[in-house]
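Before we start, here is the structure in question, set down as structure tokens.
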Amino acid sequence: DMASVLRWLWVNRNYFIIFITPLLILPLPLVFPTPEARCGFAIILMALYWCTECMPLAITALLPVILFPMMGIMESGKVCVEYLKDTNMLFIGGLLVAIAVEHWNLHKRIALSVLLIVGVRPALLMMGFMIVTAFLSMWISNTSTTAMMLPISQAVLEQLSATEADSDEKEINALSERRRKEREVKYLRLFKGMSLSVCYSASIGGTATLTGTTPNLILKGQMDDIFPDNNDVINFASWFGFAFPNMVLMLALSWFWLQFMYLGFNLKNSFGCGLKNEGDKEAYRVMKNEYKKLGPISFAEGAVLVIFVILVILWFTREPGFMPGWATELFNKNGQYVTDGTVAIFMSTLFFVIPSRLDCSCSVSASAFRVFERNIVGTPTLLNWKVVQEHMPWNIVLLLGGGFALARGSEVSGLSKWLGESLAPLQSIPPFAISLILCFLVGTFTECSSNTATTTLFLPILASMATTIGLHPLYVMLPCTISASLAFMLPVATPPNAIAFSYGNLKVLDMAKAGFILNIIGILSINLGINTWGMAMFNLGTFPAWANTTNATSTP
């Protein structure tokens, strides 16, 4: 019957997409036998494969290795070199730190310590969870942050709900039935609001640091690729300077909105300066017990924390912009020798050379030593390759590479130049409007395809548009990169959303309603930032000399 045929088609849709798509867009290179059209074919094909996810994103990212040489766009050696750059090294270094933090459960200790300080009034609890989640996802992956924070939040709310139930049962029965219903409705709303606040703040927090989420690194890589003389304009410190205030603003506004949607605005109850009730004490106890389970802080945790802190300090002081950094003074007198990638790899190598505990068993007597001799083992280091192998998302390294290859291919083939010229009429539109429209476009696009794919596809186009109309490339590239992280509306839009959704209390509509407003909040806040402190930081009002590639004809 019809239904089963349709079901069969749906189940096997990926095969159809893979085989039919190239045939549908084949007329493009056949009708226009130019390098631009051939490169366009490759990009459109990859874009459709990425958006439908008919095969793994990383495999789609490898298509330039096949298509560019066979279409005569680039030699294979030149394509493959694009796949592992300084930016990928920065990514790998940042990930090794994240893996070490997770391996020794340091992130849980940090999270619980902060939550115990914040306290457990529902409003403050939501705020506490949002701040902690955002902070952690700046350093470790948004997905692992969400996966760790959601169970903690659920446990606390369950305890609050149970305590309130106990105190209600002591009352007379006629009232208690109605109270029970009210309580269940109230806690369902709280559960929903909490799950959303955690997964949203993971995405928001990821935007604050260069290594926090992949789109940020793609921007850095594409900038270095398309504008090789840009003097390292995007680095850890400069990104943080722009994106951190913007993240704080987005987080605060999101908290207001979720608070309004799920808890209602009763400030006295929410912030309550009044007495602590039983429920609060119980919920506090839950977190205290979770913290006790972690045991005393170990040497390994301390060592990881120290390496992490030193890495962040080195990143910030390498080239702070407003003063000469240590790298500028020591290594980079004539050229960009030491970059953020160098520092990341150097510090993360330490995880493999520092022991995970200090054994003080040197004073063992000779007779005891003979007994031990058989089962003596060396002290393991903080990380070993087996752990790294299990947790390292290699697919992202390939994804980043595929993006760099695409950007390079569209430049070599002349596609960038052609695209730039076709977008020249945009010159008549005021820049702030261009930025706003593009952010909405990217924000919509990223809801239905991965953040990485969105950024990879949009940035080269934006770069060639900016150079043509004489606009500072970062003025459009920076806001759009952050907008790619604003995937708030659909459960499939980003892994944190999927995790929150899998907890069961949320409906698609809940996420779409809350997320739609958050998208708008995010886009407006980014555009506020780029036109105020971003303008001052990166000098966005003028067209920089490094962007003046051969194809840029007009000057502002």
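Heads up, the Cβ atoms here are built off N, Cα and C, so glycines get one too.
It should be emphasised that the depicted structure is a prediction, and the values quoted were computed from it without experimental measurement.
The feature transmembrane segment is assigned by TrEMBL to 15-32, 39-68, 88-106, 113-140, 236-258, 294-317, 337-354, 392-409, 429-445, 457-476, 482-504, 516-536.
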Sequence-remote contacts (6 or more beyond its ends) of the transmembrane segment (429-445), Cβ cut-off under 8 Å?
454, 458, 462, 471, 475-476, 479-480, 483-484, 486, 519, 522-523, 526-527, 530-531
By Cβ distance under 8 Å, which residues at least 6 away from the ends of the transmembrane segment (482-504) in the same chain are close to it?
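Result: 142-143, 145-147, 150, 154, 191, 195-196, 198-200, 202-204, 206-207, 213, 215-216, 243, 246, 438-440, 442-443, 446-448, 450-451, 454-455, 458, 511-512, 514-516, 518-519, 522-523, 526.
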Do at least three C-beta pairs under 8 angstroms join the transmembrane segment (392-409) to the transmembrane segment (39-68), pairs 6 or more apart in sequence?
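Result for the transmembrane segment (392-409) with the transmembrane segment (39-68) is yes.
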Same chain only, please: residues at least 6 beyond the ends of the transmembrane segment (39-68) with a C-beta under 8 Å from a C-beta of the stretch. Say none if there are none.
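Contacts of the transmembrane segment (39-68) (Cβ under 8 Å, skipping residues fewer than 6 from its ends): 13-15, 17-18, 21-22, 25-26, 28-29, 74, 76, 79-80, 82-83, 394-396, 398-399, 401-403, 405-406, 409-410, 413, 415, 448-450, 452-453, 456-457.
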Would you call the transmembrane segment (236-258) and the transmembrane segment (15-32) in contact, using three or more Cβ pairs under 8 Å, pairs 6 or more apart in sequence?
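No, the stretches stay apart by this measure.
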Determine which residues of the chain contact the transmembrane segment (337-354) at the Cβ level, with the cut-off under 8 Å and only residues 6 or more beyond its ends counted.
86-87, 89-90, 92-94, 96-97, 100, 210-211, 232, 235-236, 303-304, 307, 310-311, 314-315, 318, 327, 330-331, 381-385
For the transmembrane segment (88-106), find every same-chain residue at least 6 residues outside the stretch whose CB is under 8 Å from a CB in it, and list them.
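Hits for the transmembrane segment (88-106): 139-141, 144, 210-211, 214, 217, 220-221, 294, 298, 300-301, 304-305, 307-308, 311, 339-348, 351, 356, 382-383, 387-388, 391-393, 396-397, 400-401.
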